[in-house]
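A.B. asks: Just dropping this structure here.
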């Protein structure tokens, strides 16, 4: 049993660097290399979607020098890796609140998405300047605007309709969430979409995450009985 959609909270870059007496940015550089390896590995498996939590809205409260470095690293990674993603038939999508991005970042995101949008292999989702609460709020705001313009009535509102206004509404919800670094929390990531997601916590810091760790998470998923509110007996039928 392989999950259709795997999401990963890539945590631990800073701690990885600190344990080695290195600046935090060294951890982020090491983490970026792991992203490339794991995407390549995931693309070889029968996964449909891989979503990576790269930068949260709350991360903007970090020291400005670190935020600037991360934005530069993301931009550079997009420039360097888009052609390789395209060659591997990977479709790239970047989700999140993009109002904080400069023109260079916005242009590169558009270029990368346009180049890969017709690819039929792994769908790679990068959550950049994203948070689960923001996602829910923007969905509410869009629905409220439709009601205001008389394009929608409150009587028609439902969980199913609301879900259509969230990011990734056209994709299956995550079956498996992997959280690295030993922390055990969602960190405001895809709060609506994780309603029935299986969660795997690994002590591995993100720069130490590898193909074996990924396979361990997939093995954990295969042990789970997904019930979606039903009894075990109902599921077994």
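Residue numbering: from 1, along the chain as shown.
Positions of Cβ are set from backbone N, Cα and C atoms, glycine also.
According to Swiss-Prot, the Mg(2+) binding site annotation covers 11, 198. Feature annotation from Swiss-Prot assigns active site to 11. Annotation source Swiss-Prot lists substrate binding site at 12-16, 24, 28, 56-58, 62, 179, 185-187. The active site, proton acceptor annotation in Swiss-Prot covers 59.
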A.B. asks: Under 8 Å Cβ-Cβ from residue 187 (substrate binding site), six or more apart in the same chain: what's there?
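C.D. replies: Spatial neighbours, sequence-distant, of residue 187 (substrate binding site): 9, 11, 53, 56, 58.
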A.B. asks: Same-chain residues six or more away whose CB lies under 8 A from the CB of residue 14 (substrate binding site)?
C.D. replies: 24, 27, 28
A.B. asks: So, three-state DSSP: helix, strand or coil for residue 185 (substrate binding site)?
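C.D. replies: Coil, per DSSP.
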A.B. asks: Tell me the Cβ contacts of residue 185 (substrate binding site) under 8 Å, same chain only and six or more apart in sequence, or just say none.
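C.D. replies: Those within reach of residue 185 (substrate binding site), by Cβ under 8 Å and sequence separation of 6 or more, are 179.
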A.B. asks: Have a look around residue 16 (substrate binding site) and count the other CB atoms within 10 A of its CB, chains all included.
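C.D. replies: Neighbour count, Cβ to Cβ under the 10 Å cut-off: 23.
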A.B. asks: For residue 198 (Mg(2+) binding site), which of the three DSSP-derived states applies: helix, strand, or coil?
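C.D. replies: Reduced to three states, the DSSP call for residue 198 (Mg(2+) binding site) is strand.
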A.B. asks: In whole Å, how far is residue 198 (Mg(2+) binding site) from residue 59 (active site, proton acceptor) when you measure between their Cα atoms?
C.D. replies: 25
A.B. asks: Which one is closest to residue 198 (Mg(2+) binding site) in space, judged by CA to CA distance, out of the binding-site residues 12, 16, 62?
C.D. replies: 12
A.B. asks: For residue 28 (substrate binding site), which of the three DSSP-derived states applies: helix, strand, or coil?
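C.D. replies: Its secondary structure by DSSP: helix.
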A.B. asks: Quick one: give me the count of other CB atoms within 10 A of the CB of residue 12 (substrate binding site).
C.D. replies: 24
